């Protein structure tokens, strides 16, 4: 396979189409990882600076090429979205049309589990998306292998179940039951009854910190370390009962939505909320965080969904739509469910504005209670009053998974190793903060505090002691009298005292002016106004 000549010119060499396409593809990927335009080195006269910048530009180029090659050869799968032709709209495409075009394995991910006597259902996935935990309101608990659709364990606890959440892996899960939350093993064995939490409405698990967070019907937020059993935080929100609680995946901050329309954000080491935002004029019905942690979606009873930028706590977009439940996918799609209808919104133009992407109507009479995207799959699971369902949402899941982070195909040995590593790498509760990038940085120097009166006096005494024993030079005859020497020493001491006395005088004047200003600002009652000093007329 050789290069061929073009236009009869021996010097004009062109690559075969396949190689040329590969080179163009690699160049496109390199541009994606470059750090803007390079510095113009021709205008620089400093040879040393010119050499340093040229070396740095070379390093940037090498790193961009390495990242592009890693994306090409390691990230082999690419995500895609539904694309409409002509006047066709993506939200009018039905699940039946999608099922007829996808492969056999994908069609198996579309199903409906109908259990009308045990609903409504809520659900949760492990970090890898391999296992699913479902809980019916009337006491039905089940663990399902979402890949093979094998039932691992199901049981009936015989009382109300409000929420369910996996702990650090699929071996343990927590269920919020009628009086207390319970922790179970995958085999259905009850391990712990967490009586200190009380009657819990919502549960969340912070995987990096091994913390189980719960909020009960009295509005009390509690954090418990599942590795040691220690109660890390017991906070009173003071904003009443709520069943809207989510965790920001970026920083581990727990956010709760309240009936007054406010969203409060908490960490276990602070009794006061980190942030209180007034998001809606009425009660908040649902809330979700984008995987990057900088975007929050809230839904209110006034039938509006609002998108917020958490970096500046500003409103980005208001969407006129009702939603009882919200969830973001790994690729940033937003699912909203209400009644028997599920709507999926997406930033398809990458302009920051969300619009309609897909829709799905359930059977009439089904009431959607929970929507949840399955990690690393283009699947949306819906918990409703008659069971749970699964539909296909193209482009919602991350196509490439990192086996060090979440491995859907991990073996027993890998799971054990990962459990040990995650316990060793467990983050303390103090690392939960709004801006985790501050961890590891140097604290800025504090403002120099003003010295007190005692400090000034102590410094003055030290200065006086230092000049007290100063030897006075001998002068001509008649000028070396003891009285003149004593006078000279006294002048030296006064000169050493002068700056400290001046500083003390200025501080006293400042305090006097401040006191006078405060006394002027104090307004007398109406009955005593006639005794107030009159302002001098101009």
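A Cβ is built for glycine as well, from the same backbone N, Cα and C atoms used for every other residue.
Annotation source TrEMBL lists repeat 'WD' at 277-318. Cβ atoms under 8 Å from those of the repeat 'WD' (277-318) belong to residues 242, 244-251, 255, 257-264, 324-328, 330, 332, 334, 336, 352-354 of the same chain, restricted to positions at least 6 beyond its ends.
Restricting the average to the domain 'BING4 C-terminal' (356-436) gives a pLDDT of 92. Look at TrEMBL and you will find 356-436 tagged as domain 'BING4 C-terminal'.
Residues annotated as region 'Disordered' in TrEMBL: 434-538.
Within the chain, the compositional bias 'Basic and acidic residues' (465-474) has long-range Cβ neighbours (under 8 A, six or more residues past its boundaries) at 480, 485, 488-489, 492-493, 495-496. Look at TrEMBL and you will find 465-474 (among others) tagged as compositional bias 'Basic and acidic residues'.
Summarising the annotation, TrEMBL assigns compositional bias 'Basic residues' to 475-490.
For 491-511 (among others), the entry in TrEMBL reads compositional bias 'Basic and acidic residues'. Note on the compositional bias 'Basic and acidic residues' (491-511): DSSP counts are 21 helix, 0 strand, 0 coil.
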